[in-house]
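These features come from Swiss-Prot:
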| type | residues | note |
| --- | --- | --- |
| ACT_SITE | Cys55 | active site, nucleophile |
| ACT_SITE | His117 | active site |
| BINDING | Asp15, Asp16, Cys55, Asp323, Asn324 | Ca(2+) binding site |
| BINDING | Lys115, His271 | substrate binding site |
| TRANSMEM | 167-187 | transmembrane segment |
| TRANSMEM | 189-209 | transmembrane segment |
Amino acid sequence: MTRNSRPNIVLLMADDLGVGDLCCYGNNTVSTPNIDRLASEGVRLTQHLAAASVCTPSRAAFLTGRYPIRSGMASPYNLNRGLTWLGGSGGLPTNETTFAKLLQHYGYRTGLIGKWHQGLSCASRNDHCYHPLNHGFDYFYGLPFGLLSDCQASRTPELHRWLRIKLWISTAVLSLVPLLLLIPKYARWFVVPWKVILTFALLAFLFFISWYSSYGFTRRWNCILMRNHEIIQQPMREERVASLMLKEALAFIDRYKRGPFLLFVSFLHVHTPLITKDKFVGHSKYGLYGDNVEEMDWMVGKILETLDQERLTNHTLVYFTSDNGGRLEVQEGEVQLGGSNGIYKGGQGMGGWEGGIRVPGIFRWPTVLQAGKVINEPTSLMDIYPTLSYIGGGMLPQDRVIDGRNLMPLLEGRVSHSDHEFLFHYCGVYLHTARWHQKDCATVWKAHYVTPKFSPDGAGACYGSGICPCSGDVTYHDPPLLFDVSRDPSETRPLNPDNEALFDSVVKKIEAAIKEHRRTLTPVPQQFSVFNTLWKPWLQPCCGTFPFCGCDKEDDILSTAW
């Protein structure tokens with residue numbers, strides 16, 4: 001493609017939106033006319049899959065086109081499955097190449113508005129090694145972390161109570177170690193280097209600070225609004241943030257309307273605490289969650305309206321999705337604050353069940369893609385990376401494995417079969433499930449090797465623990481639970497050798513593919529290690545004098561669109 005023929009690209013990603021929350025995917029209680037318009041004017045994918053069932057690893061895969069385990073963005077722990085502190089030292093490694101960096105190299109102006117949650121700094125609070133501007137974005141306005149219930153002072157804190165308990169126990173144990181080591185040192189029983197004693201003392205201090213900070217500093221230290229490298233609000237004023245993000249997104253389109261541009265709008269909707277403007281409260285039939293969905297849909301409408309007004313619609317590819325499925329366990333009393341995953345079992349945090357990983361996937365490009373088309377083939381969020389590389393007119397990196405596939409032949413109708421024969425579904429670093437789409441037919445087999453134990457039994461979610469674990473208290477299956485999701489998408493009828501003649505051959509084929517996949521994995525630094533996820537005072541972004549951080553540099557006058 002020539003520079004003049006390459007389209008503008010607008011990527012719209014919701015946070016924790018269930019696939020069953022949209023009218024175009026079967027919901028009849030929440031009104032989403034603008035997202036439905038995208039679907040009616042474009043192509044709708046019905047088997048679109050996230051590479052992880054929680055946000056940080058899913059977004060890492062989206063940005064890089066690679067399974068999170070390849071970049072170290074998959075966790076071996078049940079509680080630390082995402083980045084816990086903005087002042088931690090983990091993040092999307094600098095040697096990973098995002099689609100923004102590719103398109104920037106191809107001559108696109110690139111912008112990210114909204115949630116990042118891929119880390120910020122490595123060694124000092126101002127090095128910003130993981131910052132969006134160091135990952136290919138020319139402009140960033142939003143949250144370098146993500147939205148938490150802690151960001152709204154009136155809400156119940158989101159940091160899990162069991163995480164706090166573990167932090168406290170770790171603090172106590174690590175505090176005892178240097179004290180116990182001092183005894184043999186001064187008794188001269190054996191030599192204990194001061195370096196060892198001080199290392200344990202430092203670790204004890206870091207665990208103590210992380211535990212202490214979880215009881216009141218989370219909002220001030222995690223809920224920060226930035227423009228490029230500058231802190232704009234600390235803590236952010238939650239009632240204003242959606243207004244400011246929309247204004248910035250529309251301004252970016254206006255600024256670079258001569259193109260080509262890439263705009264990634266990473267909504268805070270519909271993550272708790274479901275911050276919603278007064279004009280949308282009570283707007284839906286589904287409570288505050290539905291109100292938040294409808295506010296997001298309205299924001300999508302404003303972006304589409306701007307593209308129309310600037311006469312960019314026909315020359316702009318618009319894509320809408322969610323980072324993972326809706327969360328089932330989030331409640332306030334008897335009120336459900338999470339989304340609907342429709343007919344699919346499970347939800348956010350569950351590595352293999354469809355409800356945690358099946359997400360909306362809508363593409364609109366009026367002059368190229370057929371309006372109203374529906375594709376039932378397996379596709380992945382990782383496919384956006386090679387698709388954008390193709391559209392932008394460039395080449396994929398040749399020095400690494402790219403797990404995504406270019407979707408344009410499928411979207412344009414040049415092929416009818418997905419290029420994915422196998423897809424692997426991880427929960428943290430643990431492979432829970434694998435999917436096989438036979439090349440010669442429409443059948444999609446899915447084998448579960450690990451599934452969560454729901455609590456209470458039969459509840460369909462892990463209400464007792466808040467999120468389903470990836471290891472430990474889980475159910476292991478040998479032989480695996482096998483489903484034909486092309487005929488049984490709700491995964492209610494497990495197959496076995498008695499009711500499926502192909503059972504043994506299918507399982508053998510999938511297990512051979514898993515072995516081949518694992519041969520392609522190479523060891524990388526673990527970004528969710530205990531040390532990386534600990535809060536570190538020297539990495540904490542601060543507007544003002546640490547630890548008394550605070551500022552608001554935004555104008556008081558907001559867009560009249562609100």
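Cβ coordinates come from backbone N, Cα and C, glycine included.
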Cα-nearest neighbour of His271 (substrate binding site) within the listed recorded positions, Asp16, Cys55, Asn324:
Asp16
Let's check the environment of Asp15 (Ca(2+) binding site): how many other CB atoms sit within 10 Å of its CB?
22
Using DSSP and three states only, what is His271 (substrate binding site)?
coil
Based on Cα coordinates, which of the following recorded positions are within 10 Å of Asp16 (Ca(2+) binding site): Cys55, Lys115, His117?
Cys55
Environment of Asp15, Asp16, Cys55, Asp323, Asn324, the listed Ca(2+) site - residues of the same chain whose CB lies within 8 A of the CB centroid:
Ala14, Leu17, Val54, Ser58, Arg59, His271, Ser322, Gln348
To the nearest whole angstrom, state the Cα distance for the pair Asp323 (Ca(2+) binding site) and His117 (active site).
12
Secondary structure at Lys115 (substrate binding site), reduced by DSSP to three states:
strand
Would you identify the secondary structure of the residue listed as 'active site, nucleophile' according to DSSP, in three states?
helix
What recorded positions among Cys55, Lys115, His117 are found with a C-alpha within 10 angstroms of that of Asn324 (Ca(2+) binding site)?
Cys55
Which site among Asp16, Asp323 has the most other CB atoms no more than 10 Å from its CB, taking these as binding-site residues?
Asp323
Once the DSSP letters are reduced so that anything not helix or strand counts as coil, what is Asn324 (Ca(2+) binding site)?
coil
To the nearest whole angstrom, state the Cα distance for the pair Cys55 (active site, nucleophile) and Asp15 (Ca(2+) binding site).
8
Non-local Cβ contacts of His117 (active site) (under 8 Å, 6 or more apart, same chain)?
Cys55, Thr56, Arg59, Gly82, Leu83, Leu143, Pro144, Phe145, Gly146
Helix, strand or coil at Asp16 (Ca(2+) binding site) [DSSP, three-state]:
coil
